[in-house]
Amino acid sequence: MPPKAVPLDIGTDYELGRVLGRGQFGVTRVAVRRADGARFACKSIAKRKLRTPEDEGDVRREVEIMHHLKGHAHVTYLAATYEDRVDVHIVMDLCTGGELFDRITARGYYSEADAAAAVRSIVGVVAYCHSLHVMHRDLKPENFLLASAAPDAPLKCTDFGLSTFFKPGERFRDLVGSAYYMAPEVLRRSYGPEADLWSCGVILYILLSGMPPFYGGSEREIFDRILAGHVDFETAPWPSISPEAKDCVARLLQREPRRRAKAADILRHPWLREHGVASDRRLDDAIINRLGTFATHNKLKREAMRVIATGMPAEEIAGLKAVFESVDADGSGTITAEELRDALRSKGAVLRPEDLQTLVQLIDTDATGTIDYDEFLAATLSQHQLMREDHMLRAFRHFDADDSGTISREELKLALGRGGLASEAEIDAILEEVDKDKSGTIDYAEFCDMMSRSHESALKARRVALKSSEAPSVPIEKSGPSMKPLKDIQEIMDILPHRYPFLLVDRVLEWVPGKYAVGYKCVTINDNFFPGHFPSVLQVEALAQLGGIVMIDPEDKAAQNNFFFGGVDGVRWKKPVVPGDVLMMRVDVVKFNKRHGICRVDAKAYVGGDVVCQGELTLVMVK
């Protein structure tokens, strides 16, 4: 049957109240959690109405997809699922502001600013779904709920009953959706995720005009007009609507799917930027984001994530399984460096071979040279999945072999030293980072703190020192004929709005250990630009234009993070021996390749007249 029974009786945990709505298969009620009085919505699906295996599969898939999409601000949150002899119960966010459709009909039509704000949320959800290989297939205003009655209440996407997982290039033939919002290729029964963007275009048209673009007295008439594809921009209120807004609609309502705007294109559209603050966070492949983040965690956290992944219920990881299979091109059950490279290329990014190999090595915890299914799951679980109490306890107990309530150094060595997962020095560094009270052991609170840390704090907390003899000695890469020094900072600023930062590689290439600095082998791969990281790239470029030198107090960690290689710690500075000595950061050259969207910064750091470190920063941006 659909989701596994959690307990059988939902009444143990929730009190079901008034009816919110009824559908084909069941009823939705208010559900009050007995433990704390929190209010949710509970959709109860009558099992007697699930007459075919396909009906059961649809419910199971809906739950799997809601698990898969957990964590997005504009997706209804799945709190719990239950199955008893009569019903399947899905407990989720209670949105008290009603449907977006109700607000549209009440107002007649939105202002452009209102429409831009709504479509940013809607298309943001679509970008998130597509990055996780989910196609919604029933996008319409009725399926976007307002979290509250407040005028600025956030939208929540709901009803994933027709949603499905997809593989790149896969075409679907089943006719699903709601008539007004169906794309022409859906009616032709050969479609992919582009159909969701068409539906977004219909929603935006309604937001701006109060009427659907393809209207008819019957489904047949509606379908004929959709296939004809004529969009009316002449009838009121369209003459008073800005050309930019109309262009945004036209890009979404492009009949040819290959020419239709993608979610990322719409989120960068000038009209959306004019009517609201563009997000600082890139909206790209969430799976690759998680892979890059996973690579920055210490080995204890990586192994704990693997333990959690291997015990996850099948319905919670079905989406990640589909993504794994799409990357595992040869069906071998493992992902090779070449397969990962191809997956990255499909997103518009090209890694240097050494950086690709580094990423694979960091995810490949058992050192086989490939990424197996468990390793992939561990690297791509969402923070919501990781932080469930039952998962955390199971992972902690995996390391706490004697059930003492703490993880000792010996237990770390037993769990991580076996198979060469971590060296003695790395185990010492893990204790130094995680054991906050310096008791010599890791208790459950410290373990949870480590697991809950964000990408940014994990990077700042991680300090694994290597002997200078282990440090790489690599010459700074010279630019090819397509790279050129950046003369005008405006040149790169003009291009940034048209691209999304995808990958940052910080590399400390050489340093001079001694009285001034202790060096780390630093190869960091992240595609998520947290605050203080992406802005630092612009600061480094500004430095280059202003003469390329800045003085930094060696005790001022914030300044170091802001100006040294984009904020990743490549060098830990000792207090200068000579009072008054300061660190100087010199940017020697900034090069930018317009065609490939690659910016490279070569830099040196000085104390007095001594070069203590040199390195490079490479920023790869994709269209």
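Using N, Cα and C of the backbone, Cβ positions are placed for all residues, glycine too.
Please treat TrEMBL annotations as automatic predictions, because they have not gone through curation.
Since the structure is predicted, the reported quantities are computational estimates derived from the model, not experimental observations.
Noted in TrEMBL for the protein shown:
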type    : residues : note
BINDING : Lys47    : ATP binding site
DOMAIN  : 14-272   : domain 'Protein kinase'
DOMAIN  : 315-350  : domain 'EF-hand'
DOMAIN  : 351-386  : domain 'EF-hand'
DOMAIN  : 387-421  : domain 'EF-hand'
DOMAIN  : 422-457  : domain 'EF-hand'
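Helix, strand and coil counts under DSSP for the domain 'EF-hand' (422-457) come to 23 helix, 3 strand, 10 coil. DSSP labels the residues of the domain 'EF-hand' (387-421) in these numbers: 23 helix, 3 strand, 9 coil. For the residue listed as 'ATP binding site', other Cβ atoms within 10 Å of its Cβ number 20.
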